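Here's the structure we're looking at; comments come further down.
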């Protein structure tokens, strides 16, 4: 879908590859499977939307793929590293270098300014962000002139823009976003999504987005559907109505 | 409201356990102190009343500060929750009522659990009281519910006030502002708070100067309280000071690439209020221990110095069982020895204040130094008015200038004395002298003493010259040896004071550790969030270490700075020098304890919180 001749962060066949990913949770004496044998490869620079009814395992999927949780079995390969083989601290280090994450609830640190929040993954990694890159990013997400504010002085949309800039500052291999517009009204949500999508496109950033909004998903290069912890098909460059129809089908 | 409060107690278990422990030990401390005080008043043991009252002053100050800061920090963590309640429709009055209910729940459970054992714990002190000569042998401490009631009366309003002040920020603001502002703390101070801090600072410095104007122990005791005024000033100004220093430090290390240091400093910048509540008890711990031991130490030193200066080139003649009148006469007739003064100490009560009788309080328990023989040229007590030679007259007394301070009395006035046998004597002041610490507050001629109270043997003889006195069963000691011996004896008499001080600083140590544990445990969500955005456990641990070093250094600096004026004043008042009267071993040990408490109380809960998974 996206040609590999573009200057991506890494020239690999896939930015993210999931191999037979399974996650079970103990529930009394039994095990409940949240995810069962999911395999998927996401190409560098692609914009993939993950959809599915509530309880389909979307959040589990995202948390496993982003290294926030460990799978019961299976592999998660980011770039060319299998993170399931790494120690917890090594995963953390890889996460902050190669994975960006945009949470539904912003997750900004309240007593850090906007620019400090954005720089945080770099600082944690012992690096100083490139001034020009940071400025370009801040301009791109529309936060010009707000860098000294505290998160409490921002609107929800602005806070999520900060979170987007924070996810992109390290030029990660992949950015995961977990319903990033879920807490925003439609108009602000659309703007924030435009920012996320536009910035990802501008900087050829691989983007994996969990959403329940067909309109949002329709702007993706492809849409993967999840149901009952399994992949339930894929639509390439679909329309909103195609997605909606598919969701209704899955919800049955 | 009660059910809300009950579920809050359940939900915020760790911070309630902290408040619970502090209320319990505060109640125990105050009720034990109350027992001593009440027993002193009822059992007619005036010295016990004096000791308990002087301890109560410090203890109440410390306990009030600690209880207030514990409740403040326990509730501050929950500002977000209160803000949320406001947002869903709780009125400020309801939030206040909830806070009151929670404080009441903690008190209802914790205060009796502390105060009642405290009543009986006071009994553990009886042996020390007896051996220190503070109460007669076989003395029974009076146990009544009064101390429990008294301590509750003091603690409950304190805690309530602190809790309401902590919740005030939320109840004052509009609900939305409250929700927004809950995650950051303003480091700026309100105008009233700033004014009070400055006033405390200025009065602290002025009070520290008291020893330069008022002589002796009185001035020094007043001067020593300046440490508390300065600590209180620091407690009020804390958020601004801590915030400013952290801001400076964060700015200075801006170019450093060490994320842990950077995070720690911006945390300190953002949570200067929270950190102040952790720093102050630690600073108080250091200050209290340093100032009390410094004052006691310099008092003993000053007594030794005065004794040495007053005795000059005399020789001191003693024996293990005292010096009998016959032996004294034999010494006086020994060739090579002249000018002999026999000296002994008789317990008595003195009423200097001629005001109405205030129960047992206007009679002060003291020891009279009884002398016989002419002192002139041999013992120089530093006479400032009158003459010691007049002590030979009937019903006369010499009084130290310190004992007369603020009574307006002088030579020619009278002092009421009451002896163990019940005899009351009204003595005329014939001399006023300076070296009261070394020689005692009152000197009386043997002839002015009721005959029933005359001792069979003198404690020591002071004399001039030299001779071998072994044949009559006496030894001569040099002044230096005698002074050293007396000073060592005086130090051991402060045993009770030392025990009470230890109890108090132990309470402070518990309080300081408790506050730190509460604060660190409450940061769990912050640690989880930091882990999520890519902080390794090691980085989290070093961030917390840097923060605890920051707390340590601030506590140490505030504690040290707040005692220096007091100790310089005390050193001047007692010893006439300007180098601060610090007991270095004690100061060192307390500084070590600050480091230990801070590291243990932050690292352990942080380790537990840090184990949290990153989602």
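Cβ coordinates are placed from backbone N, Cα and C, and glycine is handled just like the others.
Annotated by TrEMBL as transmembrane segment, the relevant range among B:170-190, B:254-274, B:275-295 is B:275-295.
Across B:52-75, B:226-246, B:496-519, B:584-606, stretch B:584-606 shows the highest tally of CB pairs under 8 A with the transmembrane segment (B:540-564). For the transmembrane segment (B:52-75), the most Cβ-contacting stretch among B:12-32, B:275-295, B:496-519, B:584-606 is B:496-519 (pairs under 8 Å). Mapped onto DSSP classes, the domain 'ABC3 transporter permease C-terminal' (B:499-609) shows 97 helix, 0 strand, 14 coil. A contact links the transmembrane segment (B:496-519) to the transmembrane segment (B:12-32), because at least 3 Cβ pairs that are 6 or more residues apart lie under 8 A. Using the rule of three or more Cβ pairs under 8 Å, pairs at least 6 apart in sequence, the transmembrane segment (B:142-163) is in contact with the transmembrane segment (B:12-32). Remote same-chain residues near the transmembrane segment (B:275-295) are listed as 58, 62, 65-66, 69, 72-73, 76, 220-221, 224, 227-228, 231, 234-235, 238-239, 242, 268, 497, 501, 504-505, 508-509, 511-512, 515-516, 519, 550-552, 554-556, 558-560, 562-563, 566-567, 570, 580-583, 586-587, 590-591, 593-594, 597-598 (criterion: CB distance under 8 Å, separation of at least six residues from the stretch ends). If one looks beyond the transmembrane segment (B:12-32) by at least 6 residues along the same chain, the residues whose Cβ comes under 8 Å of a Cβ in the stretch are 59-60, 63, 66-67, 70-71, 74, 77-78, 106-107, 109-119, 121-122, 125, 147-148, 150-152, 154-155, 159, 503-504, 507, 510-511, 514-515, 517-518, 521-522.
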